[in-house]
């Protein structure tokens, strides 16, 4: 079609000196590698041909072609590589989505073009480099066949070349297995930005860790530890093996890690086949009992907006809000959750300002959550602040407060009027709490990092504190979504439980020394009586204790252990009956004089 010169002016041809300079740079790269690898030399010389052909095209077209060619870095092929025969045709979709490599025939390789012209969404990014290596026939993950011809690995900027993810995952998995911290705490305290991707990779590595350990012990696979990229890091190797054998993201693995794995793919594939033959494949790990499906709870941040505004905003985004029929009974609550559809949102029948979403609902990146309008908090974790119920303009002490969920809940109940003292000993958790309180819009909190047992309860600045919440360090045995099931069922560690019991008693007794304290809520996310009823028993039996127990939330059916005289006054939450994390709550009130 003829063009109108007025609107489509002709473009001047590319500067010949620039063209010669680009050709010279390409030839220099090829010449430097000629002596060692003749195949790379020929590959680079072939790349000059399309550059010469493009000399008469427009400046824009030549500039784009030359820039892409200059950014194409050829990796050193194996010493034993030979000229490949023409490969059989391959299903294009599988070549792109199920393999870490792009398959390229001899003609396409000569012209630096891919046989698959349907580019992915990110293909507009410039080509960084092409890793050229010989393929070998063998089984890949999921027993797929890899043809014997040239493989081109393509890397795009800002997408998959993320070694930080794999090193961070290895660190978190090691710390989780050593019981230093729970998995979710470590993930959300990590400096890695994509928490969802990091959590997924950690969970999957832990889930299949027994299989991966057996795989690393197989002949040939253990030799991977000596690879320069692995550096004898067993956890890092297990993560990469997971991605290669089981996962679906091996094509996103950083280049030097991918080369270390694919160079030894024959040994890995043979080891996988051997474990499958012995009936020890990774499918056995998938037969573990499925965890309890707990709904996704989100607390409305009453500091940011009212419940009416929440209902209006959710309705406009096609959520269906409903009251739960017969929700106060455990049976009715479970029935409603099991039958709920993904667009349905229930108002919780026990706790005000708490919403119940479908278990599969992903809210972490939802704008209401990221902007602090909704706070993702388990229902059981909302009980302490809800039962403390401080009056506006009063002062509250949140003891062992990080990561700040209860502190923000207390501030919301106070309508951001009054004061909330918040203390925690762990520096990292304290920093997370400050960030969380800022996002929630809390203005009345006074957080500080320190040892609560060293505080003087008679200090005049605590004179106006009338309510306290104590959530001391515990075993965390009640937390379901922490994925402790990935670590396997372990027997009680009585020594550790006794140590926690003593610490919890000390913290609780110290909190009760606040001179004008009227109400205190004690809670743990533990199911062990050593941390729950036994702590309460030791405190209330103390003759110097000026407090007694109040029945906590009488409408809650699940009560404390009946073997204790005061058991009915305490509250327990159970994952299977109440669809929350395992939890324990006791409410202290000052004795009437």
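Using N, Cα and C of the backbone, Cβ positions are placed for all residues, glycine too.
Automatic, uncurated: that is what TrEMBL annotation is.
In the three-state DSSP reading, residue 525 (active site, nucleophile) counts as coil. The active site, nucleophile annotation in TrEMBL covers 525.
The Cβ of residue 424 (S-adenosyl-L-methionine binding site) lies under 8 Å from the Cβ of 400, 401, 402, 430, 433, 447, 449, each of these being in the same chain and 6 or more residues away along the sequence. Annotation source TrEMBL lists S-adenosyl-L-methionine binding site at 424, 451, 471.
The domain 'SAM-dependent MTase RsmB/NOP-type' annotation in TrEMBL covers 286-591.
Feature annotation from TrEMBL assigns region 'Disordered' to 1-23.
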| Sequence gap of 6 or more, C-beta under 8 Å: which same-chain residues meet both conditions with respect to residue 451 (S-adenosyl-L-methionine binding site)? | 425
| Within 8 Å of the Cβ centre of 424, 451, 471, which other residues of the chain have their Cβ, at the recorded S-adenosyl-L-methionine site? | 399, 400, 401, 402, 423, 425, 426, 452, 472, 473, 507
| Whole-number Å value for how far residue 525 (active site, nucleophile) lies from residue 471 (S-adenosyl-L-methionine binding site) (Cα to Cα) | 8
| Number of Cβ atoms other than its own within 10 Å, given for residue 525 (active site, nucleophile) | 24
